[in-house]
Ligand code: KG4
Ligand code: ZN
C-alpha cells in the first residue's frame with residue numbers, strides 16, 4: 001500500500017511522550033511511548049515543569065523511531081494529529097509546537113485533537129469493535145463521563161463527576177495506603193487480596209447519571225485515621241467495591257433507558273481487571289456487547305490520538321489549534 005494512507009499521532013498531554021502511525025482502519029503500524037515514571041515517582045505525582053522538559057527531550061527521537069517503520073517516507077502521511085487538550089499546559093505546548101513544526105517542514109496538515117476523543121476511539125484500534133448505538137463510560141485520571149453515542153462523532157453526555165474523577169480517587173486512596181506510583185494498578189492489586197467488609201458511602205448512587213467521589217475518598221481517609229491498624233487490603237477491596245457499585249448502577253440504569261448495542265469502557269481505569277469483570281457481568285446479563293480497548297490502548301497513547309484524527313480529516317472544518325488545559329468531550 002502506498003499513498004498518503006497514515007496519520008502520525010503525537011500525545012504529550014501528561015507524563016507519557018507517545019508517537020504512533022495508524023491507518024484509517026485503526027491498524028497500528030508503529031507506536032512508541034516513553035514513560036516519565038522514574039522522573040515523577042519521588043514526588044508522588046506528576047511534576048508539571050519536569051514533565052514538559054522530559055517531553056521536549058523525548059519527542060523528536062520518538063518521532064524518528066516511529067518513522068523507521070515506514071523508512072522515514074513522509075509521503076505516506078495524510079496528516080499529523082496532536083493532542084491540544086485536556087492536559088498539562090506546558091506538556092501540551094511541547095506536542096503542539098512539535099507537530100506544527102513538522103507539518104510545516106513536510107507540507108502536511110496538522111489537527112489539534114481532543115484527548116478524550118482519542119480515548120473514545122481506543123477500542124477500535126487493531127480491529128473495529130464498537131457497534132452503535134453505544135453507551136460509553138470514560139474513566140481516566142482526569143475524567144468520569146457517561147455518554148450515549150449514535151456514531152463516533154454524535155455523542156450525548158448523560159453525566160459527569162461533580163468533583164474527583166474515578167482515576168484521581170484511585171490514585172489519592174493509593175497514596176493514603178502508601179502504595180506508591182502508579183497508584184491505580186497497585187490499589188487494584190491490593191484490593192484483590194482483601195475482602196469488601198467495610199461499607200463505604202456510594203455518593204449519588206440512587207438517581208441520575210452524575211457522579212461524585214470526594215465523599216468516598218474522605219470516608220476512606222477517616223477510617224485510616226481512626227484505625228491505623230485496619231487491614232489495608234480490606235480497605236482497598238471495600239473502596240473498589242464502592243466505586244464499582246456506583247459505576248455499575250449508573251451503567252445499568254442507562255442501559256435501561258437508552259438503546260445500546262455495545263457498552264464501551266475507556267480510559268486508564270479501563271485497564272483495571274475488576275472493571276473488566278464488571279463490564280463482562282453487566283453485558284452477560286443485558287445481552288449488550290462488551291467493548292474495551294486492549295490493555296495497552298487503555299492508558300494514554302498516541303495510537304488513539306492518530307485514529308481520532310481521521311474523524312477530524314473527514315470533518316472538513318477548520319481545525320482549532322489552541323492549546324486548552326481543560327476541555328469537554330463535545331469539543332473538537
Ligand atoms: O487515561 P489515563 O492513562 O490518563 C488520563 O487521561 O487521565 O488514566 C490514568 C488513570 C490513573 O488515575 C491511573 O491510576 C488509572 O488510570 N489506572 C488504573 C489502572 N491503570 C491505570 N486504575 C485502576 N486499575 C488499573 N489497573
Ligand atoms: Zn487519558
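Using the three backbone atoms N, Cα and C, a Cβ is placed for every residue, glycine included.
All annotation found in TrEMBL is predicted automatically rather than curated by experts.
Going by TrEMBL, these are the annotated features:
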type    : residues                               : note
DOMAIN  : 28-306                                 : domain 'Gcp-like'
BINDING : 115, 119, 300                          : Fe cation binding site
BINDING : 138, 139, 140, 141, 142, 171, 184, 188 : substrate binding site
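Looking at the residues that bind substrate per the record, 138, 139, 140, 141, 142, 171, 184, 188, the two CA atoms farthest apart are separated by 18 Å. Taking the Cα of residue 171 (substrate binding site) as the reference point, the closest of the binding-site residues 115, 119, 300 is 300. Within the same chain, residues at least six positions away from residue 300 (Fe cation binding site) with a Cβ under 8 Å of its Cβ are 11, 13, 14, 16, 18, 33, 115, 268. Checking the binding-site residues 138, 140, 141, 142, 184, 300 against ligand 1 with a 6 Å cutoff on the Cβ atom leaves 140, 141, 142, 184, 300, in sequence order.
Residues from the binding-site residues list (138, 139, 140, 188) with a C-beta closer than 6 Å to any atom of ligand 2: 140. Note: the CA-CA distance between residue 119 (Fe cation binding site) and residue 138 (substrate binding site) rounds to 8 Å. Of all the binding-site residues listed (138, 139), 139 sits in the most crowded Cβ setting, with the most other Cβ atoms within 10 Å. Residue 184 (substrate binding site) is surrounded by 24 other CB atoms, counting those within 10 A of its CB over all protein chains shown.
Close to the recorded Fe cation site, the chain also has 11, 13, 83, 116, 118, 122, 140, 267, 301, 304, 305: residues not among 115, 119, 300 whose Cβ is within 8 Å of the site's Cβ mean position. Burial estimate for the binding-site residues (115, 119): highest at 119, by number of other CB atoms within 10 Å. For residue 142 (substrate binding site), other Cβ atoms within 10 Å of its Cβ number 20. The Cβ neighbour count for residue 140 (substrate binding site), using a 10 Å radius and every protein chain shown, is 24. Classification of residue 141 (substrate binding site) by DSSP places it in coil, neither helical nor stranded.
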